[in-house]
Amino acid sequence: MTHSSLPGYFGPLFAVFLFVLGLCVGSFLNVVIARVPLDQSIVRPRSRCPRCGHVLAWYENIPLLSWLALRARCRGCGVPISVRYPLVELLTGLLFFACLRRFGWTYELVPALVLVSLLVPLAFIDLDHWILPLSMTVPGMLAGIALAFPLGMDAFRDALMGAAVGFLSFRMMEYVGWKVFQREALGAGDKYLVAMLGAFLTWRALLGVLLFASMQGAVVGILMLLATGRAGPRTENTQDEPAGDAPPLTMTWEFTQPGLPLWKRLLLVPVCLLVQPIPDAPLDEEGEEEEWVPERTSIPFGPWLALAGLELLLLGPWLSRVLPADIAMMLGGLP
């Protein structure tokens, strides 16, 4: 049953309710975006102005309306309030409404809303801090698996496979990046985000997620280079003093032991790929990781993964119709 099939005026009424709920969730997601990267509580203290410390009253926290009523300025000190706060609220409300249009009043709406509530803050956190907090991606992955259980064992199995395939494929790319190029090929948190997407969208959608994210990220990256030129790193040029080499990835010392049975060597491969730590940056001469500074033209991959996940979640049936059948099949039939 979709919202349009509800009796009388209840269909539009519930649609408006879900949109307003999305606005309120978006207001909370602004708190998540601001506090989670700093390891601060998202419950206490109450929201306040970061400049003057003015604690916001309840009527200053009404999504969209408070920002407009305050004319985008703090009531305590008059400092401008970023337009991103109402934009996140509006974006979340619109995505909630889009999920309703896509799934109707069915159980599938529940995991869709949960996924939206995870992807929005993760995208903005990665834009701001270049991190994807494990405190969000790992519980999100588990939530995707758990929410698939009421849909039946096939859906539950697909969610498990999606999480496993997403994590292991990106873990392998991460390993190959260090083994072959001696540098980081992917962000450390990307594999957990892809595992979360696999749990919600199933493993069949992962190729589409990777393809859409890579293409859109590449287009924007090229446009940024054309607009700004090839900017160097934000720090001084250090080509004359190259960073220390990354440690050789020999997995574990057991591989070098003579007489080790072949079956043990094969068994150690997946185990070591899963548990061996891979540094996030090259090591200096003392063996400590150097501080990594993104170039001015660099953009994180997390937002593009989140965007691709939302596109497949909301536009899957439409993409299946407009794309050639062989491409749609290659992308797992799309969700």
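Numbering starts at 1 and runs along the chain as displayed.
Glycine too: its Cβ is placed from the backbone N, Cα and C atoms.
On a predicted model such as this, the values are computed, not experimentally measured, just so you know.
Residues or ranges marked as Zn(2+) binding site by Swiss-Prot: Cys49, Cys52, Cys74, Cys77. Secondary structure from DSSP puts Cys52 (Zn(2+) binding site) in coil. Same-chain residues at least 6 positions away in sequence with a Cβ under 8 Å from that of Cys52 (Zn(2+) binding site) are, in sequence order, Cys74, Gly76, Cys77, Val79.
Beyond the ends of the transmembrane segment (13-33), by six or more residues, the same chain brings 3, 6, 42, 47, 61, 63-64, 84-85, 88-97, 100, 105, 117, 120-121, 124-125, 128, 136 to within a C-beta distance below 8 angstroms of the stretch. The transmembrane segment annotation in Swiss-Prot covers 13-33 (among others) and is backed by sequence analysis.
Residues annotated as transmembrane segment in Swiss-Prot, with sequence analysis given as evidence: 105-125 (among others).
Here the transmembrane segment (131-151) has long-range neighbours at 32, 36-37, 107-108, 110-111, 114-115, 118, 121-122, 125, 158-160, 162-163, 187, 189-190, 192-193, 195-196, 198-200, 302, meaning same-chain residues at least 6 beyond its ends whose C-beta is under 8 angstroms from one of its own. The transmembrane segment annotation in Swiss-Prot covers 131-151 (among others).
According to Swiss-Prot, the feature transmembrane segment maps to 206-226 (among others).
For 258-278 (among others), the entry in Swiss-Prot reads transmembrane segment.
The transmembrane segment feature in Swiss-Prot is assigned to 299-319 (among others). Only residues 6 or more beyond the boundaries of the transmembrane segment (299-319), in the same chain, are considered here, and those with a CB under 8 A from a CB of the stretch are 95, 98-99, 102, 112, 115-116, 119-120, 122-127, 130, 132, 186-187, 189-190, 193-194, 197, 200-201, 205, 208-214, 216-217, 220-221, 224, 328, 334-335.
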I'd like the Cβ neighbour count for Cys77 (Zn(2+) binding site), meaning other Cβ atoms within 10 Å of its Cβ, all protein chains included.
11
Chain-internal residues near Cys49 (Zn(2+) binding site), provided their CB is under 8 angstroms and they sit 6+ positions away
Leu56, Cys74, Gly76, Cys77, Val79
Using a 10 Å cut-off, grab the number of neighbouring Cβ atoms around the Cβ of Cys74 (Zn(2+) binding site), all chains included.
18
